[in-house]
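First comes the structure, then the notes that go with it.
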Protein chains: 2
Amino acid sequence: MIIKKTDKKLQEILDRGDIMEGEYLQTVLDIIANVRKNGDEALAEYTLKFDRYDIKKSGIEISKDEMKAAWDNLPERLKTALENAKKNVVQFHEKQLEATWMYEKSKGTFLGQKVTALESVGVYVPGGKAVYPSSVLMNVLPAKVAGVDEIVMVTPATGGQVNPVVLAAAYLAGVDRGFKVGGAQAVAALAYGTASIPKVCKITGPGNIYVALAKKMVFGKVDIDMIAGPSEVLIVADSTADPDYVAADMLSQAEHDELASAIVVTDSMELAKEIENSVYAQLAELPKKEIAAKSLERFGAIIVTDNLEEAADIVNDIAVEHLELCVEHPMEFMLKIRNAGAIFLGQNTPEPVGDYFAGPNHVLPTGGTAKFFSPLGTYDFQKKSSIIYYSKEQLMADMDDIRVLAESEELIAHRNSVIIRED
Amino acid sequence: MIIKKTDKKLQEILDRGDIMEGEYLQTVLDIIANVRKNGDEALAEYTLKFDRYDIKKSGIEISKDEMKAAWDNLPERLKTALENAKKNVVQFHEKQLEATWMYEKSKGTFLGQKVTALESVGVYVPGGKAVYPSSVLMNVLPAKVAGVDEIVMVTPATGGQVNPVVLAAAYLAGVDRGFKVGGAQAVAALAYGTASIPKVCKITGPGNIYVALAKKMVFGKVDIDMIAGPSEVLIVADSTADPDYVAADMLSQAEHDELASAIVVTDSMELAKEIENSVYAQLAELPKKEIAAKSLERFGAIIVTDNLEEAADIVNDIAVEHLELCVEHPMEFMLKIRNAGAIFLGQNTPEPVGDYFAGPNHVLPTGGTAKFFSPLGTYDFQKKSSIIYYSKEQLMADMDDIRVLAESEELIAHRNSVIIRED
């Protein structure tokens with residue numbers, strides 16, 4: 001697992017999310033066109049085919065009562081944990097709330113920015129084996145905090161069944177309506193609306209390649225969040241790090257799926273060896289050891305550098321989703337970081353603290369996209385309108401500049417709209 | 001031009017931007033694949049074909065000297081107007097700057113958000129007849145204010161020529177590198193990089209359907225701004241409005257292109273008739289009267305409502321790009337507005353004030369997308385990383401909740417990474 005930063009394995013790790021979208025594109029376009037044209041009929045057809053569930057017979061909507069019942073039936077201990085997580089997530093996301101502002105540019109002339117919540121949001125929750133109630137909280141709560149009026153959840157329900165913990169989390173987070181439909185067809189329904197499913201302003205949430213491509217293709221008709229790729233952690237560790245902690249954190253990433261990646265960057269060859277040994281020792285005890293082993297083999301790496309400066313350069317180059325700084329002076333090291341989804345500082349901040357509990361969002365940019373994307377946040381569910389309020393005096397003062405600029409673009413009616421206001 | 005809000009013409013106006021992307025998609029995918037595979041060779045081939053310009057012979061890059069020479073040769077009056085516009089745009093966009101923050105959640109436990117600038121941005125500047133130096137300022141200056149290291153401009157150069165006012169504006173705004181390449185091929189080059197053109201983090205700027213689709217298809221590989229549709233204004237006018245002003249403002253939108261739309265919503269039938277008369281009187285004098293007349297005929301409308309409350313509902317439904325409030329109490333009316341790109345308040349704020357000069361960005365969401373998109377802003381060129389710094393005490397306090405949540409998702413290595421830190 002120990003490699004040099006020039007090893008070609010590193011590039012293979014970084015490229016692992018590069019999926020050949022082309023193969024799936026026509027299928028997704030056909031599904032979108034069908035849903036747009038035939039609405040619920042198309043949804044019924046796909047849901048019967050892919051989820052073996054007949055929405056015509058058994059219904060498409062998940063009632064509020066079903067969500068509440070799922071919540072009521074949850075073990076008390078899990079309820080408390082979810083409630084505590086909710087409290088933390090809400091507290092952090094309230095700090096991200098933006099507010100309208102305005103300032104007086106000159107006497108009687110005001111400029112500003114009006115901030116309003118999106119009216120409606122659709123949240124995609126994947127079905128299948130890996131069921132993450134924490135994802136429901138992380139997608140829904142920021143929209144709630146922003147003040148979104150209606151939050152719609154869609155999720156594939158194999159045989160009509162939705163995981164009860166997901167339903168409970170939806171209830172706790174405040175989902176307004178839920179629908180048993182998944183895949184590209186669910187995305188299309190949220191983008192265009194059907195008789196059953198309301199058209200929303202924005203679609204968030206992870207999904208498979210069909211879901212990701214469908215989101216991309218409806219972008220512009222609605223807003224979407226990021227295109228999610230496989231998950232990853234990069235841990236910077238110096239000689240003060242505990243190798244068992246670092247190894248445990250690598251494994252917590254590797255158990256996600258075979259495409260997950262766990263990388264350590266350290267300036268200590270001794271630590272590198274200790275981490276490697278500890279990884280294999282801990283791996284043997286894991287229920288998901290087969291998945292984790294495959295992930296580690298293909299996309300796990302321990303890179304030994306000459307010094308920590310070099311480590312910072314590698315970190316900024318890779319722009320990883322989860323960055324752990326298990327170093328003696330994590331605050332100082334953070335100052336050097338430009339590109340990362342979330343930064344976990346110090347020996348006592350393993351990534352799962354952020355996945356579940358601390359408060360910041362666990363929906364983070366993957367595959368190097370932290371160079372330009374941000375974590376999902378309250379700002380994703382607010383939008384802005386510019387405000388311009390000119391006084392007569394300011395308009396007259398600026399008139400000649402505007403005239404010159406309009407004439408340079410040969411837009412004479414633009415010019416006229418200003419000069420007509422001259423007395 | 002006077003219609004009721006139930007008239008089907010209104011829906012035709014709102015649907016005018018619905019372009020059948022499908023026809024163009026394969027062409028765009030082929031261009032992207034070709035540029036990705038063959039780099040500059042592909043760029044040379046397309047540029048010769050579409051722009052009749054041989055970049056192999058005459059070069060692809062626009063030198064800083066060329067930009068500076070264009071600036072030096074500009075008439076002094078235009079230089080001053082551009083400099084004043086720049087000053088206003090920079091001032092407004094500085095108010096949008098976001099900063100890193102952190103707070104102590106409990107003793108020794110810190111949460112926050114680190115804000116950093118994107119490293120590089122590509123700005124697409126259309127060629128052709130309609131040349132807008134103001135667009136160069138509006139796309140480049142927010143990136144500059146955000147602190148982007150490198151700003152790259154691409155623009156199609158028919159026969160090798162780039163409009164000198166565009167080059168001058170690029171110099172004034174601070175473009176770092178310019179390239180004579182346009183279309184989907186320019187977008188592909190910015191997304192994947194070629195030997196000549198650097199890969200960037202985000203691509204902004206308007207373009208034709210090929211450019212818009214190319215941006216959509218490279219989304220995820222890079223970030224992009226909005227998908228721009230045809231431009232539009234909606235003017236709310238009550239009986240206090242000056243019909244000549246309103247008519248002039250309709251025309252300043254209609255002269256843009258035949259797909260542009262100008263709508264008035266008023267509670268006064270008398271005013272509606274006066275506006276209509278004034279529009280045709282002013283239209284006759286315009287250099288671009290043919291374009292404006294076609295735009296008005298197909299996509300111009302004056303909607304008469306029973307009262308201003310109803311007008312506010314229509315405004316929020318349409319979610320227009322430019323909203324003018326020519327009413328007696330524009331500030332009060334603004335409080336009712338949820339969806340609009342930019343709001344121009346009062347009789348003395350015609351839209352061109354915002355197009356050129358006031359300071360807020362003129363790149364705005366069109367075609368109803370103001371329900372979820374915001375104006376282009378400094379925030380488009382900054383990104384965030386979450387910060388989580390847990391103390392040992394807080395980790396121990398939260399350990400049991402995290403354990404319960406991890407177990408509910410059957411992620412045992414997640415759980416382990418926390419409990420291994422217990423003494």
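A Cβ is built for glycine as well, from the same backbone N, Cα and C atoms used for every other residue.
What TrEMBL says about a protein is an automatic prediction, not a curated fact.
Per TrEMBL, the candidate among A:Ser231, A:Ser278, A:Ser386 that belongs to the substrate site alongside A:Gln253, A:His256, A:His322, A:Asp355, A:Glu409, A:His414 is A:Ser231. Closeness to chain B is evaluated for the binding-site residues A:Gln185, A:Asn208, A:Ser231, A:His414 by Cβ distance, with values under 8 Å counted; counted residues in sequence order are A:His414. By the criterion of other Cβ atoms within 10 Å of the residue's own Cβ, the least surrounded of the recorded positions A:Glu321, A:Asp355, A:Glu409 is A:Glu409. With A:Gln253 (substrate binding site) as the anchor, the candidate recorded positions are A:Tyr124, A:Gln185, A:His322, and the one with the nearest CA is A:His322.
Cβ neighbours within 10 Å of A:Gln253 (substrate binding site), excluding its own Cβ and spanning all shown chains: 31. Taking only the Cα positions, the spacing between A:His414 (substrate binding site) and A:His322 (active site, proton acceptor) is 50 angstrom. With every protein chain in view, the residue among the binding-site residues A:Gln185, A:Asn208, A:Ser231 whose Cβ has the most Cβ partners within 10 Å turns out to be A:Gln185.
When the CA atoms are compared, no binding-site residues among the candidates A:Gln185, A:Asn208, A:Glu409 lie within 10 A of A:Glu321 (active site, proton acceptor). Secondary structure at A:Gln253 (substrate binding site), taken from DSSP and collapsed to helix, strand or coil, is helix. Between the alpha carbons (Cα) of A:Asn208 (NAD(+) binding site) and A:His322 (active site, proton acceptor) lies a span of roughly 21 Å.
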